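The structure appears below as structure tokens.
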């Protein structure tokens with residue numbers, strides 16, 4: 001038996017059966033039972049006690065060939081040379097269309113060797129030429145989108161690959177949810193078309209990035225089309241290598257789709273984020289000044305100096321908040337070495353306490369980190385649900401897992417591994433009722449085609465819908481928090 005290769009039975013040899021999948025059979029010996037070829041031809045010059053069957057190929061009986069049973073050819077022909085004998089019936093089954101010769105060659109040379117291209121298959125090069133035409137067309141029509149995708153791959157290579165994988169996983173889930181609504185089936189073709197176009201634009205962007213990477217020293221001499229042609233040529237060479245070609249095809253497809261998602265989210269973020277020089281105020285921070293405030297010179301007086309009669313020294317007690325009162329209109333006396341009355345000298349400054357920063361001031365966790373932590377937690381939840389035979393008890397157990405860990409330690413097992421923690425923006429501890437509402441809000445983020453989670457990518461505070469619901473953020477800790485404190 002041979003898979004993807006030819007099978008030969010030499011003269012004088014015997015075999016019970018001879019089978020070839022996507023390969024040819026050449027038998028000069030004796031076969032005690034059957035000869036079967038799928039996607040290949042059969043050439044006989046020996047004796048076959050049983051039947052000869054080929055699918056997608058032809059049968060040739062040489063002058064000394066003897067077949068005791070029937071000879072069947074599906075999609076091919078049966079040829080008997082003078083002297084050949086077939087004691088059974090001959091069956092040539094044609095379906096009126098083209099033969100399977102090109103298809104079987106493609107399966108043998110491309111599919112079984114795990115590569116998209118092969119010099120032995122002509123029609124794949126025609127398909128490659130059509131794809132090149134579409135790549136050029138997309139580059140000419142959407143140069144800005146292509147540059148955005150190339151920049152996304154260059155600046156965030158890991159995030160684009162991860163988001164591409166996530167998008168691939170979400171497409172079947174989105175189709176399933178649309179199918180549940182009934183009328184949502186009308187949106188399935190639109191969804192598939194959007195994903196196809198996004199993947200096409202992102203793939204072109206990745207090829208442009210690859211071309212820029214190869215001609216980095218002469219990048220200014222290459223235009224967008226030039227970089228595309230260089231990247232396309234390299235990818236074509238990779239497609240010819242067995243196993244490497246398939247890996248390159250899959251990985252670049254995911255990378256391209258992720259680049260399109262990152263570019264789209266970046267565009268949406270620019271639309272959503274207001275164009276201002278200051279970011280959102282954080283708890284404990286001071287509002288920005290409307291302009292540069294000059295600081296007047298501070299007079300230096302000896303400690304033993306006595307204030308003139310009728311003028312009392314201002315007291316440093318300014319209230320609980322440490323804010324000095326309005327002293328407009330109070331002009332200190334002028335003296336030797338001091339400015340005149342026209343330049344008022346401010347009162348002695350009071351040292352205020354610096355604002356207290358809590359855990360909410362730590363760096364925000366991005367979409368990639370939170371997605372990785374969610375995958376770890378998902379594995380644990382699935383194992384727990386398997387112990388209780390699935391829903392509905394399993395859903396309650398999942399709710400208790402997240403809400404319980406958030407209330408107890410502010411993080412989950414996945415958060416401990418990725419050094420993440422859920423904190424409230426008001427600095428208060430995360431109570432159980434808040435954690436439960438956040439967990440239920442996460443369900444809404446999932447049901448909405450994961451849009452509530454994808455919102456993290458372009459939100460300035462890196463908050464999902466469930467975070468905004470209860471006023472929480474996920475921060476990145478300097479070290480992994482312990483689950484147990486003994």
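Going from the start of the chain as shown, residues are counted 1 onward.
Using the three backbone atoms N, Cα and C, a Cβ is placed for every residue, glycine included.
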Which residue range, 71-92, 93-114, 247-268, 269-290, is the one TrEMBL calls transmembrane segment? 247-268
Of 122-146, 297-321, which span is tagged transmembrane segment by TrEMBL? 122-146
Annotated range (TrEMBL: transmembrane segment) out of 419-438, 439-458: 439-458
Examine the transmembrane segment (122-146) against the transmembrane segment (222-241) and state whether at least 3 Cβ pairs sit under 8 A, considering only residue pairs 6 or more apart. yes
Same-chain residues near the transmembrane segment (439-458), Cβ under 8 Å, at least 6 residues beyond its ends: 163, 170, 173-174, 177, 262, 265-266, 268-269, 272-273, 366-367, 370-371, 374, 399, 402-403, 406, 464-467, 469-470
Should anything in the same chain at least six residues away from the transmembrane segment (158-180) have a Cβ under 8 Å from its Cβ atoms, list it; otherwise answer none. 152, 187-188, 191-192, 195, 202, 251, 253-259, 261-262, 366-368, 371, 447, 449-450, 457
Excluding the flanking five residues on each side, which residues at least 6 beyond the ends of the transmembrane segment (222-241) place their CB within less than 8 Å of a CB in that stretch? 115-119, 128, 132, 135-136, 139, 143, 146-147, 150, 204, 206-212, 214-215, 248-249, 252
Which whole-number mean pLDDT does the model give the domain 'RDD' (395-470)? 88
